[in-house]
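Read the structure below first, then the notes.
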Amino acid sequence: MAKLTLKDLELNNKRVLVRVDFNVPLEAGRVTDNTRIRAALPTIEYLLDHGARVILMSHLGRPKGKVKEELRLDPVARELESLLGRQVHKVNDCVGPEVEAAAAALKPGEVLLLENLRFHPEEEKNDPGFARQLASLADVYVNDAFGAAHRAHASTEGVAHYLPAAAGFLLQKEIETLGKALADPERPFVAIIGGAKVSDKISVIRNLLTKVDTLIIGGGMANTFLKAQGYAMGKSLVEEDQVPLAQELIQLAAQKGVKMLLPRDLVVAQEFKADAPHQVVAVNAVPDGWMALDIGPETARAYAGALEGARTVVWNGPMGVFEMEAFAHGTEAVARAVAAVDGMTIVGGGDSVAAVEKMGVAGKIGHISTGGGASLEFLEGKALPGVVALTEK
C-alpha cells in the first residue's frame with residue numbers, strides 16, 4: 001500500500017487515536033451482533049502489544065448532532081472489555097476538558113473509548129475546529145473504519161490533516177483485497193449484483209462491465225432488466241425510469257464481450273408477504289397481478305454453474321426477498337455456490353453477508369467486507385475520502 005500502515009509507525013508510549021466502526025446493533029442496552037467490534041481487534045491488540053496508549057472513537061446510529069441516551073457507547077465499552085479481557089475507560093464526550101484529561105492520563109497498554117462522535121453536528125460537517133480538537137488528543141491517527149471511509153467526516157477525513165495518518169489492519173485488508181480484485185483479478189472474474197434497485201447499483205455495474213468476464217444480475221433489480229428485454233413483469237418492482245438505462249447496460253455488456261446473466265425463471269407471489277401464495281414461472285409467463293420475489297430454481301442452477309471454475313468472485317446484494325423464508329432459496333443457492341469457488345471470493349452488503357452467515361459458509365469466503373456503502377463506492381471506482389486523506393509513505 002502507498003499509504004502509511006500500522007507497521008510503519010513507532011508506537012511505544014505514543015497516544016494513538018483510532019477511528020473504528022463500532023456502529024453495532026443494540027437491544028436493551030446490549031450489543032446483539034459484535035462482528036464489527038471483533039473486526040477491529042487485530043488493530044487494537046497490535047497497538048496495545050506495542051506499548052501504545054489507545055484512544056478509540058466511533059459513531060453509533062443517527063443521533064443527528066444531539067445527545068441521545070440510547071445511543072451512548074457504554075454497551076460497546078462493556079462488549080469490548082469482554083473481548084479484550086482488559087479494562088476499557090469510557091468518557092461521556094469526545095472533545096472537551098474531561099476527555100483531554102482522560103487522554104493525558106492514559107498509560108501504555110490502556111484503552112479509552114470516546115463517546116458517540118455524531119452527538120456533535122460538527123462530525124458529519126467535517127468541521128476543521130472539531131477535527132483539530134480530536135487530533136489534539138493524540139500523537140498519531142489510525143483509520144480502521146472501512147465502513148465509514150466513503151464519508152468525509154471530521155473523524156475519518158478531517159483529523160488526518162493534523163496528525164500522521166495510517167491505515168489499520170482492517171482498512172488495509174479491505175483496500176488491498178478489493179483493489180486487487182478490480183485492478184489485477186485472476187480470471188475468470190465473475191460479479192454477482194443483486195438487491196432491490198438498479199438505481200443504487202448503476203455505477204457499480206458500469207464500472208464492473210469494464211473488468212469482469214461474467215456479470216450475474218438478481219434480486220428486484222433484475223425485474224427492470226427483464227422489462228428492458230420486453231417481458232411483462234406483472235406487479236413486480238420495476239424502475240420504469242431506469243428501463244432505457246438497463247437496455248444500454250445490456251448493449252454495453254455485449255460490446256465488451258461480457259456474459260450478462262439474467263433470470264430464466266422466477267418465484268412469483270400474489271403479495272409482498274412471507275406466507276403469500278407463490279409459484280415458479282418462466283420469465284415470459286409472469287401472471288398479471290403477481291410479483292417476482294426471488295430467482296427460480298433453474299436460474300439458481302445456471303448461476304451456480306457460471307461460478308464453477310471462477311478464480312475471482314465479487315458478490316453484493318441478495319437474489320430475492322431473503323428475509324422471507326419462501327423467497328430466500330435463490331440467495332441461499334448463490335451463497336453455497338460462492339463458498340464452493342476455489343479462488344478469491346469477496347462478499348459485501350448486509351444481506352449477502354447475512355446469507356453466507358446463515359448458511360454457515362462464512363468461513364469459506366475469502367473476504368467478507370465490513371463496509372456496505374464503502375465497498376459499493378470502491379466497486380464504482382470512486383476514491384474514498386477516508387483513504388485519500390491518509391499519509392503517503
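Every residue, even glycine, has its Cβ placed from backbone N, Cα and C.
Model, not experiment: these values are computed from the prediction.
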Request  = Write down the one residue from ARG30, ARG36, ARG53 that Swiss-Prot lists together with ASP21, PHE22, ASN23, HIS59, LEU60, GLY61, ARG62, ARG118, ARG151 as binding substrate.
outcome  = ARG36
Key: Residue from LYS125, LYS173, LYS180, LYS201 that Swiss-Prot also lists as binding ATP with GLU323, GLY349, GLY350, ASP351, SER352   = LYS201
Ask   = Three states by DSSP: which one describes ASN23 (substrate binding site)?
value = coil
Message = Using CB atoms and a 10 A radius, I'd like the single residue among the binding-site residues ASP21, ASP351 with the highest neighbour count.
response = ASP21
Key: Tertiary neighbours of GLY350 (ATP binding site) (same chain, Cβ under 8 Å, six or more apart)   = GLY372
Task = Enumerate same-chain residues with a sequence separation of six or more from GLY349 (ATP binding site) and a Cβ-Cβ distance below 8 A; give 'none' if the list is empty.
result = GLY195, TRP315, ASN316, GLY317, PRO318, SER369, GLY372, SER375, LEU376
